[in-house]
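Single-structure report; data block below.
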Amino acid sequence: MIQVLLVTICLAVFPYQGSSIILESGNVDDYEVVYPQKVTALPKGAVQPKYEDAMQYEFKVNGEPVVLHLEKNKGLFSEDYSETHYSPDGREITTYPSVEDHCYHHGRVHNDADSTASISACDGLKGHFKLQGEMYLIEPLELSDSEAHAVFKYENVEKEDEAPKMCGVTQNWESDESIKKASQLYLTPEQQRFPQRHIELAIVVDHGMYTKYSSNFKKIRKRVHQMVSNINEMCRPLNIAITLSLLDVWSEKDLITVQADAPTTAGLFGDWRERVLLKKKNHDHAQLLTDINFTGDTIGWAYVGGMCNAKYSVGTVKDHSSNVFVVAVTMTHEIGHNLGMEHDDKDKCKCEACIMAPVISDKQSKLFSDCSKDYYQTFLTNKKPQCILNAPLRTDTVSTPISGNEFLEAGEECDCGSPSNPCCDVGTCKLSPGAQCADGLCCDQCRFKKKGKICRRARGDNPDDRCTGQSADCPRNGLYG
């Protein structure tokens with residue numbers, strides 16, 4: 001009886017000590033079980049939101065204490081973020097979910113100046129953090145003990161197959177269409193190397209990927225949100241803010257012919273974006289996530305220097321790994337191409353595993369090489385891409401007028417859903433006589449606020465956002481006049 005009991009205990013303990021386990025991120029060779037403890041920053045009696053703006057977690061890795069400082073990524077979703085899927089008869093079903101209180105955070109490790117972190121706190125902690133130069137991943141263990149998490153190095157995730165995975169871009173591309181010259185904007189001295197830029201991102205999921213995840217829209221949404229959170233964090237060193245503007249899931253059938261030849265699929269997707277997607281909602285760059293096996297070892301493709309072009313500001317990426325972070329690196333890689341970046345030359349760039357490496361490395365990096373930064377600076381200087389100058393505004397939605405949907409539609413000067421708004425004529429959806437505006441952070445009593453009036457306090461090193469005196473919208477980063 002005692003022997004049987006001992007065997008039972010060993011079997012129960014083994015998952016906590018094991019050297020191999022199958023996780024969402026793949027089959028992991030070596031991992032450590034940790035129990036993150038949340039350090040509450042809210043005062044006693046305060047009402048706690050579902051996901052706090054700032055959080056701190058403590059746990060141990062290799063016996064050493066690790067303290068994660070996390071902040072909510074407040075710019076991750078546009079104010080009019082939308083999700084679209086399709087009915088069996090082909091009708092579009094578009095919703096505008098509230099995503100203000102989301103669970104996606106970025107941050108750093110205490111007392112590690114070079115550390116970074118990108119963590120989803122939706123159901124436990126899932127994401128990655130850089131600690132003492134090493135990339136670690138963390139995710140909850142599906143055990144009865146709900147506090148248990150697995151922490152493991154990226155290099156300990158087994159490859160799903162032995163074939164090298166690479167980007168299919170082999171040559172440069174230059175648009176025949178000139179990109180509109182940027183207007184002069186105020187830039188602080190600190191922003192001169194990499195001025196603040198904003199990319200409104202549209203993600204389209206093909207039917208193959210939708211069925212891959214059991215035709216479960218919630219699974220797709222969660223995975224895409226995690227990807228975009230990672231992309232945003234990787235683009236931050238370039239002073240680029242990534243904002244998810246829309247998610248379009250081809251739930252019934254593909255709306256283009258998704259082909260094994262990645263450049264062909266990208267071309268068809270670019271045509272569809274120009275013809276259909278941009279007419280529904282303005283955005284700067286679109287990516288097609290697919291489950292198709294591209295020819296050869298290709299997992300992604302994008303036009304070099306295509307950003308802000310209606311047809312060429314696109315990329316196509318295979319959902320090639322169960323590990324969200326790995327796919328997010330590929331998506332960031334294709335955005336890099338659109339921003340003028342070529343592949344890293346291993347002899348010149350001295351970065352074996354940076355984001356723009358042509359082949360995925362066992363030592364996955366989330367950094368852009370100096371070569372990539374130079375390419376990006378050249379692209380900004382020579383092409384002056386206008387579409388990424390400003391943060392997303394409410395008026396980026398384009399659709400037929402529908403009163404009272406809380407968005408400014410084509411043909412409307414104001415949203416006329418509320419008869420209590422004195423600035424908007426409920427019968428015509430036009431501004432009331434004498435009114436300049438009906439709502440917005442720079443609208444006060446139907447008039448534009450004065451130029452220079454603070455409309456959004458600064459976060460981090462950016463300046464306060466101030467009204468222009470010419471609009472009800474609050475521009476990002478004090479870029480006015």
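Yeah, the Cβs are placed from backbone N, Cα and C, and that goes for glycine too.
Its Cβ taken as reference, GLU334 (active site) is surrounded by 26 other Cβ atoms within 10 Å in the chains shown. As annotated by Swiss-Prot, active site applies to GLU334, with the evidence given as sequence analysis.
The Ca(2+) binding site annotation in Swiss-Prot covers GLU200, ASP284, CYS387, ASN390 and is backed by similarity to another entry.
The Cβ neighbour count for HIS337 (Zn(2+) binding site), using a 10 Å radius over every protein chain in view, is 25. Following the DSSP three-state reduction, the secondary structure of HIS337 (Zn(2+) binding site) is helix. Feature annotation from Swiss-Prot assigns Zn(2+) binding site to HIS333, HIS337, HIS343.
Note on CYS308 (disulfide bond): other Cβ atoms within 10 Å of its Cβ, all shown chains, come to 23. Taken residue by residue with DSSP, CYS308 (disulfide bond) is part of neither helix nor strand, so it is coil. Feature annotation from Swiss-Prot assigns disulfide bond to CYS308-CYS387 (among others); the stated evidence is sequence analysis.
Positions annotated as disulfide bond by Swiss-Prot: CYS349-CYS371 (among others). In the three-state DSSP classification, CYS371 (disulfide bond) falls within a helix.
Marked as disulfide bond by Swiss-Prot on the basis of sequence analysis: CYS351-CYS354 (among others). Taking Cβ-Cβ distances under 8 Å and a sequence gap of 6 or more within the same chain, the neighbours of CYS351 (disulfide bond) are ASP344, ALA357, SER365, LEU367, SER369, ASP370, CYS371.
For CYS414-CYS429 (among others), the entry in Swiss-Prot reads disulfide bond. According to DSSP, CYS414 (disulfide bond) sits in a coil region rather than a helix or strand.
Secondary structure at CYS424 (disulfide bond), taken from DSSP and collapsed to helix, strand or coil, is strand. Around CYS424 (disulfide bond), a 10 Å sphere centred on its CB holds 25 further CB atoms from the protein chains shown. Per Swiss-Prot, disulfide bond is recorded for CYS416-CYS424 (among others), and the stated evidence type is similarity to another entry.
According to Swiss-Prot, the feature disulfide bond maps to CYS423-CYS446 (among others).
The disulfide bond annotation in Swiss-Prot covers CYS437-CYS443 (among others) and rests on similarity to another entry. DSSP assigns CYS437 (disulfide bond) to coil in the three-state reduction, outside any helix or strand.
On its own chain, CYS442 (disulfide bond) has PHE448, LYS449, LYS453, CYS455, CYS467, THR468, SER471, ALA472, ASP473, CYS474 as residues at least 6 apart in sequence with a Cβ closer than 8 Å to its own Cβ. DSSP classifies CYS442 (disulfide bond) as coil under the three-state reduction. The disulfide bond annotation in Swiss-Prot covers CYS442-CYS467 (among others) and is backed by similarity to another entry.
The local packing around CYS474 (disulfide bond), expressed as other Cβ atoms within 10 Å of its Cβ over all shown chains, amounts to 21. According to Swiss-Prot, the disulfide bond annotation covers CYS455-CYS474 (among others).
Residues or ranges marked as domain 'Peptidase M12B' in Swiss-Prot (evidence: sequence analysis): 197-392.
Sequence annotations record features per position, and here Swiss-Prot assigns domain 'Disintegrin' to 400-481.
Summarising the annotation, Swiss-Prot assigns signal peptide to 1-20.
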Cα of GLU200 (Ca(2+) binding site) to Cα of CYS414 (disulfide bond), in Å and rounded, measures 23
Compute the centroid of the Cβ atoms of GLU200, ASP284, CYS387, ASN390, then list the same-chain residues not in that set whose Cβ lies within 8 Å of it, in sequence order, for the Ca(2+) site.
HIS198, ILE199, ASN282, HIS283, CYS308, ILE388, LEU389, PRO392
How many Å separate the Cα atoms of CYS443 (disulfide bond) and CYS423 (disulfide bond)?
10
By a 10 A CB contact count over all chains shown, which of the binding-site residues listed here is most packed: HIS333, HIS343?
HIS333
Restricted to the domain 'Peptidase M12B' (197-392), the mean pLDDT of the model is 93
